[in-house]
Protein chains: 2
Amino acid sequence: MEQLFLYLVPFLGIVGLVVMAIKSAWVTRQPTGEKNMVELAGYIADGAMSFLKAEWKVMIYFVIIAAIILGWSGTLLDNSSPIIAVSFIIGAVLSAFAGYLGMKIATKSNVRTTEAAKTSLAKALNVSFTGGTVMGLGVAGLAVLGMGGLFIVFYNMFVLSAGGGVNGHEMETALEVLAGFSLGAESIALFARVGGGIYTKAADVGADLVGKVEAGIPEDDVRNPATIADNVGDNVGDVAGMGADLFGSYVATILASMVLGREIVSDDNFGGIAPILLPLVIAGLGLVFSIIGTFFVKINSETGNVQAALNRGNWISILLTVAASFFVIQYMLPEGDLVMSRLNSIPFTKMGVFGAVFIGLIVGALMSIITEHYTAMGKGPVNSIIRQSSTGHATNIIGGLAVGMQSTVLPILVLAGGIFTSYMAAGLYGVAIAAAGMMATTAMQLAIDAFGPIADNAGGIAEMSGLPKEVRERTDILDAVGNTTAATGKGFAIASAALTALALFAAYVGISGISTIDIYKADVLSGLFVGAMIPFIFSSLAIAAVGRAAMDMVNEVRRQFKEMPGIMEFKTKPDYEKCVEISTKASIREMVAPGAIALVSPIIVGFLFGHEVLGGMLAGVTVSGVLMGIFQNNAGGAWDNAKKSFEKGVEINGEMYYKGSEPHKASVTGDTVGDPFKDTSGPSMNILIKLTSIVSIVIAPFIPLDSPLGISDSVGTDVIPKVVQVQQELPEVIETLEVN
Amino acid sequence: MEQLFLYLVPFLGIVGLVVMAIKSAWVTRQPTGEKNMVELAGYIADGAMSFLKAEWKVMIYFVIIAAIILGWSGTLLDNSSPIIAVSFIIGAVLSAFAGYLGMKIATKSNVRTTEAAKTSLAKALNVSFTGGTVMGLGVAGLAVLGMGGLFIVFYNMFVLSAGGGVNGHEMETALEVLAGFSLGAESIALFARVGGGIYTKAADVGADLVGKVEAGIPEDDVRNPATIADNVGDNVGDVAGMGADLFGSYVATILASMVLGREIVSDDNFGGIAPILLPLVIAGLGLVFSIIGTFFVKINSETGNVQAALNRGNWISILLTVAASFFVIQYMLPEGDLVMSRLNSIPFTKMGVFGAVFIGLIVGALMSIITEHYTAMGKGPVNSIIRQSSTGHATNIIGGLAVGMQSTVLPILVLAGGIFTSYMAAGLYGVAIAAAGMMATTAMQLAIDAFGPIADNAGGIAEMSGLPKEVRERTDILDAVGNTTAATGKGFAIASAALTALALFAAYVGISGISTIDIYKADVLSGLFVGAMIPFIFSSLAIAAVGRAAMDMVNEVRRQFKEMPGIMEFKTKPDYEKCVEISTKASIREMVAPGAIALVSPIIVGFLFGHEVLGGMLAGVTVSGVLMGIFQNNAGGAWDNAKKSFEKGVEINGEMYYKGSEPHKASVTGDTVGDPFKDTSGPSMNILIKLTSIVSIVIAPFIPLDSPLGISDSVGTDVIPKVVQVQQELPEVIETLEVN
């Protein structure tokens with residue numbers, strides 16, 4: 001029966017990919033509109049591909065070098081294998097391929113959505129959301145197929161062929177090798193998220209500063225040389241970046257739950273392989289129910305509620321997944337108490353495991369709702385920023401920073417509550433399973449997320465091609481919903497990254513073989529401090545990088561306006577490629593430093609100070625990264641919508657203010673500060689915290705217990721085993737003495 | 001011989017207070033200048049006192065209620081005593097008295113410094129620095145006398161009278177009661193720092209926005225109704241706030257070291273009472289050598305280097321204290337290995353303890369140097385903000401935020417290194433002793449810190465009284481040095497708060513009786529998350545409070561200008577008192593919410609979730625508080641000096657920009673954002689992290705091991721004691737069996 005579930009998982013992955021192919025073909029068959037629309041869309045598609053190619057050129061070196069090191073290190077220990085290099089490469093390639101698929105479909109769907117918007121809102125939603133669905137199914141399908149397929153291979157290779165039981169040492173090796181897949185996926189996500197974030201904001205800020213402010217031409221004007229780069233940026237950052245981020249979370253969550261599942265299995269072989277297999281099965285089910293959910297995202301008239309349609313689809317997938325999880329857990333897991341092999345875990349039953357799935361879904365939903373409250377137009381937080389815009393730039397900034405900081409409270413309480421209750425429900429396995437439950441409907445989440453930038457792009461194409469007003473109005477409705485889903489999607493992404501990181505953290509302790517991460521020890525506490533500092537330097541680097549890249553863009557646009565005077569009279573076509581090239585080059589150059597910090601710091605700390613200090617550092621990165629991520633995402637989102645509110649007009653102290661007023665100008669300052677916050681450094685925190693953990697998991701078996709400056713490990717591992725030994729020996733001693 | 005040291009400590013405290021009285025009398029004897037100068041100084045002094053009185057009115061209720069609760073709780077347990085209420089009240093009263101002394105002397109020294117500046121720079125430095133010295137000696141003298149005196153009382157009352165040994169349960173009670181003193185001191189510091197921070201910035205921002213920007217009159221103009229409140233604010237925030245902060249750190253550090261010293265003593269009575277007494281003796285010595293150091297702060301000519309004179313005095317006190325500590329440690333501590341009674345501590349010798357003192361002083365010095373680098377004019381970080389001011393408000397803000405985040409890296413590495421090395425040197429006792437070493441010369445540090453606002457006030461009085469240009473020039477020289485010492489003082493304050501908090505953290509674990517704070521446990525990790533979030537909400541509240549209070553001030557100044565048109569022609573005297581009242585009321589009102597969070601959150605978490613989760617929360621508050629403190633202090637300092645640079649003129653891309661240029665306006669925005677950062681929320685982090693820890697220490701004995709939602713404590717305390725028990729019983733069992 002286990003065999004059935006084992007092979008069911010990759011099969012479900014294939015189902016997802018087949019549906020994706022069908023939907024993709026449908027999108028491709030949709031009409032593309034006039035020649036100039038196709039031409040503009042072509043520029044965007046070419047720009048996006050040229051970014052991907054430039055990114056791949058850098059990544060290929062990184063992947064080769066990392067694979068060689070991993071392969072070599074795999075030969076060093078008994079419970080490691082050089083196969084991890086292959087696993088790593090497959091993870092990297094699949095992640096890159098998922099990004100490619102998403103980018104390809106997004107740059108196809110945008111122009112077709114514009115064309116559909118000529119007919120009706122319903123049709124435009126259908127095209128853009130189907131584009132998003134292709135992206136979601138591609139990412140989730142590849143992840144499920146990849147993890148499920150590789151697990152079968154490694155299970156056969158390491159466990160069955162060696163005649164090992166599922167509770168043996170061999171399963172540890174299989175999972176350690178599988179961690180390579182996750183490392184590969186997350187490494188690519190790093191470059192996609194950070195590079196994409198820098199790209200999109202450099203282009204956006206550059207286009208705005210010279211085009212809108214200096215030259216006084218509207219947004220998305222075809223005369224602006226940076227406008228194509230700006231539209232490419234939406235795809236690069238919001239589609240490929242978000243896709244790679246969630247691909248990484250999805251894979252890492254499944255991995256962490258499997259590692260912790262092994263802890264249950266290894267103890268007493270209780271439940272067979274089921275606790276290891278369960279997270280894979282839940283992911284597969286979530287994928288299938290996401291497909292079903294997408295069929296409910298439809299509106300029937302011009303006045304149909306787009307947001308409600310998206311919510312309907314989302315909730316249907318979630319509820320079906322919950323229901324199915326209940327039966328699967330009942331069927332797969334054994335009766336009676338399960339327990340993990342760690343000192344500090346608690347016994348739990350299969351109802352507890354189901355409770356954890358449920359908690360994960362609630363945490364995800366709450367995080368989205370809270371994020372919406374802090375960033376949506378017309379609500380308290382955004383209104384407070386609007387009021388503070390009336391006294392100038394400085395008070396607008398202070399207001400936004402205060403909102404951002406304040407917005408960390410509820411999400412942290414929800415997260416802490418989620419960790420606590422899922423731990424009560426099913427121990428550390430419960431925390432991981434809660435993350436898995438939350439991530440199960442990733443396909444649906446991504447479909448909703450990716451729909452936003454597609455609609456945004458469609459509006460840009462409508463504007464640039466000079467289409468009739470009602471077309472732009474329809475795409476604007478979609479775009480407005482897209483802005484909300486972008487914010488809530490970020491809430492979901494950071495929550496998933498946090499739970500994933502915690503699951504990975506627990507898995508790390510499992511793999512490293514230590515029994516505590518005791519911050520009462522001074523060196524572990526130092527690790528905590530250093531870890532918590534890393535999100536600050538990472539954010540600082542990312543923000544500064546956007547500033548530098550935007551300056552390059554500003555200079556180029558100024559040069560083109562000066563040297564090609566025909567641009568302004570629509571006589572000369574601006575050199576779009578040059579701007580695309582600048583954004584591409586800058587993002588590739590600037591992503592190296594923050595990326596290196598994320599990859600290298602756990603290695604240095606781990607090998608110098610040992611397992612437990614590294615554990616402290618991981619906790620520091622996670623806690624501080626989650627806080628900085630929420631703070632920056634929400635401050636940026638609130639600033640953005642405070643600015644947007646002025647476009648409709650806002651009332652402050654009885655007076656109305658519109659676009660162009662002094663308070664509006666102050667709100668533009670806030671929005672510009674918020675841009676790198678919400679689209680570069682904030683979302684990068686997800687990758688930072690996950691990557692630090694996954695690197696630690698991969699290096700854990702290689703860190704010796706007597707590391708050069710390690711105090712804690714030797715003590716930590718000395719005390720407990722000695723005590724356990726004493727306890728075990730006591731009866732023997734007594735027996736021996738009694739015999740004598 | 002121990003008796004000698006025991007009684008030496010309060011004696012040294014008295015010496016400090018006597019010298020303070022002599023210096024205070026000398027300042028009072030200095031001439032005060034013309035009638036209008038005296039009148040203006042009188043307004044400032046009255047305003048400062050009216051703030052203190054308003055603050056005390058609120059605090060008296062708080063102190064009475066808290067004392068009753070503490071007294072009642074002191075009757076509940078064996079190792080507690082209702083005397084803690086008395087100890088608490090004495091701590092609160094002495095802290096308030098230290099603030100009163102500092103405020104009194106500062107508002108006397110300011111006008112006398114102005115008068116002295118008519119003669120020479122040397123004389124002006126002498127008066128202002130002597131004023132600062134009075135403040136420093138008052139704070140340190142009261143702290144040493146209070147702690148030393150109360151320890152003698154409680155030692156006699158609980159230990160000697162009960163016939164208990166120094167290693168017994170009775171000493172624990174004595175120290176727990178002494179913790180009440182620290183709690184009293186830190187509670188008052190909370191109100192002084194937070195309330196003072198809100199006061200000073202509300203007045204400053206209010207005075208600037210209407211006076212400088214709207215009415216176009218210069219800073220410190222006598223026509224500005226808020227100008228007196230602004231000058232009062234310098235005293236309230238920078239003198240009383242900083243004084244109460246360092247008084248609290250000083251006391252808390254000594255307490256934490258004593259608690260950890262008891263751990264050594266309690267183990268084997270090794271070294272008698274010496275490890276407990278040592279931190280008090282080091283504090284006493286530091287006080288005496290600070291007095292000696294102050295005699296070296298002198299310049300001989302108009303071109304003398306004021307900064308060099310301050311540095312000379314500072315280093316002389318530090319070096320003498322180090323040398324004296326060496327001999328005292330050699331003499332007091334026993335030969336051979338000392339060890340603490342905790343599982344995870346390491347054996348150490350008296351040279352190790354001396355090493356820890358030395359490390360503490362180096363950490364303090366490095367923190368000041370690093371802070372100066374990130375905030376001083378003419379250096380890379382400030383220059384980068386200047387450059388980014390040329391592209392507008394938004395890029396100035398982004399630049400400052402990036403500098404602030406980046407500036408956390410080196411301080412955190414220094415702190416982590418300090419924790420690690422002092423732990424290697426002398427275990428957790430070493431970490432506490434490092435903090436004690438760093439704080440030893442608090443009197444000198446405070447003298448240097450308090451000199452700044454006195455000089456600032458002196459300049460304000462010179463401007464308001466219309467004195468000749470050379471007087472203002474001399475006070476400006478002092479003020480410029482004061483700006484640097486303000487920034488480095490903040491670096492010292494946050495470093496001392498961090499080390500103090502860590503020492504308290506270690507002491508908390510000692511008192512609570514748990515053996516680990518294991519963040520691998522999900523509930524402890526949740527505590528870490530919640531703790532790390534608190535500095536964010538605290539900062540958000542403090543920043544928002546400044547915004548609201550400043551708006552009140554703006555409205556009042558506008559009203560006065562409108563209703564009293566004579567003000568502008570110097571015909572009507574503005575209603576200074578009204579502005580003072582507004583700032584006072586707003587600061588008292590707004591300090592309640594953040595203060596309540598700091599006081600209440602550890603109580604809720606502790607009693608609901610138990611000791612270990614509270615420990616996790618403490619770590620979270622400390623780590624995140626230190627980061628947010630450094631980030632906000634340094635961003636604010638850098639923005640301030642970027643703005644100031646424009647007053648002299650700066651070159652950006654080959655062009656010169658001055659006051660009034662567009663880049664300068666952008667830099668004013670940054671400065672305004674930075675004001676609440678560096679003077680309200682940033683410095684409040686110190687109090688937040690210390691107060692959370694000290695509250696935890698006081699409540700620790702009352703938290704049951706089976707708290708309602710506590711998972712970890714029962715597990716954590718079950719495992720280790722059981723194991724220890726088994727280990728201890730093993731020989732007995734064997735013996736019994738052998739006998740049979």
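Quick reminder: no glycine exception, Cβ is built from N, Cα and C everywhere.
Keep in mind that TrEMBL annotations are predicted by a computer and have not been checked by a curator.
TrEMBL assigns the feature transmembrane segment to one of the listed ranges (B:176-195, B:196-215, B:236-255, B:616-635), namely B:616-635. Only pairs six or more apart in sequence are counted, and the transmembrane segment (B:58-77) with the transmembrane segment (B:83-103) gives three or more Cβ pairs under 8 Å, enough to call it a contact. Of the Cβ pairs linking the transmembrane segment (B:6-27) with the transmembrane segment (B:124-155) and spaced 6 or more residues apart, 3 or more are under 8 Å, so the two regions touch. For B:ALA486 (site 'Determinant of potassium dependence'), applying a Cβ distance below 8 Å and a minimum sequence separation of six or more within one chain yields B:ASP238, B:ASP449, B:GLY452, B:PRO453. If one looks beyond the transmembrane segment (B:309-333) by at least 6 residues along the same chain, the residues whose Cβ comes under 8 Å of a Cβ in the stretch are 5, 125, 129, 271, 274-275, 277-278, 281-282, 285-286, 289-290, 292-299, 350, 353-354, 357-358, 361, 365, 437, 440-441, 443-445, 447-448, 451, 481, 485.
B:529-551 is the stretch from B:83-103, B:124-155, B:492-517, B:529-551 with the greatest number of Cβ pairs below 8 Å to the transmembrane segment (B:591-610). With respect to Cβ pairs under 8 Å, the transmembrane segment (B:529-551) is most closely packed against B:616-635, considering the stretches B:83-103, B:124-155, B:426-448, B:492-517, B:616-635.
Long-range contacts of the transmembrane segment (B:616-635) within the same chain: residues 371, 374-375, 400-401, 403-405, 407-408, 411-412, 415, 487, 490-491, 494, 497-498, 501-502, 505, 508, 517, 519, 523-536, 539, 601-602, 605, 674, 677-678, 681-683, 685-686, 688-689, 692-693, 696, each at least 6 residues beyond the stretch ends and with a Cβ under 8 Å from a Cβ of the stretch.
The list of residues near the transmembrane segment (B:83-103) in space but at least 6 beyond its ends in sequence, with Cβ under 8 angstroms from a Cβ of it, reads 20, 48-49, 52, 56, 59, 63, 66-68, 70-71, 73-74, 134-135, 138-139, 142-143, 146, 150, 154, 157, 176-189, 192, 235-236, 239-240, 243-244, 247-248, 251, 450, 698.
Sequence-remote contacts of a segment are chain residues at least 6 beyond its ends whose Cβ falls under 8 Å from one of its Cβ atoms, and for the transmembrane segment (B:492-517) they are 172, 176, 242, 245-246, 249, 252-253, 255-257, 259-260, 262-263, 342-344, 360, 363-364, 367-368, 411, 414-415, 418-419, 428, 431-432, 434-436, 438-439, 445, 524, 611-612, 614-616, 618-619, 621-622, 625-626, 629-630, 633, 683, 685-687, 689-690, 692-694, 696-697, 700-701, 703, 713, 716-717, 720.
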